[in-house]
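Undergrad: Below is one structure. I have some questions about it.
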Amino acid sequence: MLFAISVNSTVLFLYALYVVLFFLSLRILRRYRIPSVRAKFFMGTAWLMFLLATAGTVLVISTAGISMRMVHLLVKGDNDTSEHLLRLYHSLSLGQDIILAVNNLVTDLLFLYRWSMIWRSEKRILVVPATMILSTVVVGCISGLGYYRLISLNVYIDPKAPFLIGGATNIVLMCLTAGRIWYIRREVEALTGQSLQKRYDTAVAIMSVDLLAGFAPPLTHSHRLESGFLYGLCVIMYVISISIHQSSPFGTIFSGVAWGLLQLGINIVPMLILVRVGMGRSTENTLPALSLNSHTPDQHAIFPSNPRGGQSLPEKITGEGR
């Protein structure tokens, strides 16, 4: 009972937060000056994630309600109805896990796409996170099918395995994105000095993150937390919750909260990143609009040509001039 209540409370609270972030992200997507094809891609992805989050929330609440109903019927001694509800519970749980797996795949591919855009000239490194994403999907499918006994497995796969691989993938993408941000900032400092550091910080963040990369805009030196780390934290909490097997009230509540965080954390993180980028850009009223796909006069005003000749800074750090 405590598990169902904690799951429902967590999911409902996070879903309300997610809806707010979702509509803010739609507003930001319309405001950004990006090519129409990319805008449609991000808009479609945002709507797909919204539908997945909504369906997942409905299933989580439904399974929690069914579990509470089963407890009530078992107390009354109605075993026949409880068995019927148990079958329904397993079916909904399977659907819930499928939605979570698809949701995770969409989010990973979204970050992988943005990461590939940041590392334009070094796409060979793409093989590493792409392989990890594929491994997460394969291991997750095999583990889920074995858990629900839809297939017979000769080898035992720990239920924590797909979550651990997914968390590792998130960390790899985060580190690669952070490495690129560090490289761009170093180029900015080498070519421009420190006098306009804050403006360059914001401009580089917008160029690198653009819409949905994994780095929040470093408007100040105290705002450099990688938002993508939040989902990794949710995964860690869930793995801990299914590892400790505590039957105490605290352990039950912790497990419910961890499961709820895992369900919606995967949707909240991309929306949170997008909203933070949009808010960061809007606070810099003196920063002209940037576009990686058009060299406007404003862009050259912020990123002047290399005084030693050659490529301008945007071309140098993004590889567009190659």
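All residue numbers here begin at 1 and follow the chain in the order shown.
From the backbone N, Cα and C atoms, a Cβ is placed for every residue, glycine too.
Below, the features straight out of TrEMBL:
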TRANSMEM  12-29  transmembrane segment
TRANSMEM  41-68  transmembrane segment
TRANSMEM  88-113  transmembrane segment
TRANSMEM  125-151  transmembrane segment
TRANSMEM  163-183  transmembrane segment
TRANSMEM  228-247  transmembrane segment
TRANSMEM  253-275  transmembrane segment
REGION    301-322  region 'Disordered'
Undergrad: How about the transmembrane segment (12-29) and the transmembrane segment (125-151): at least 3 CB pairs under 8 Å, pairs 6 or more apart in sequence, or not?
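TA: As far as Cβ distances go (cut-off 8 Å, pairs 6 or more apart), the transmembrane segment (12-29) and the transmembrane segment (125-151) do not touch.
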Undergrad: Counting only residues 6 or more past its boundaries, what in the same chain has a CB within less than 8 Å of a CB in the transmembrane segment (253-275)?
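TA: For the transmembrane segment (253-275), the nonlocal Cβ contacts are 2-11, 14-15, 17-18, 21-22, 24-25, 28-29, 46, 49-50, 52-53, 56-57, 60, 96, 100, 103-104, 107, 110-111, 163, 209, 211-216, 227-228, 230-231, 234-235, 237-238, 240-242, 246.
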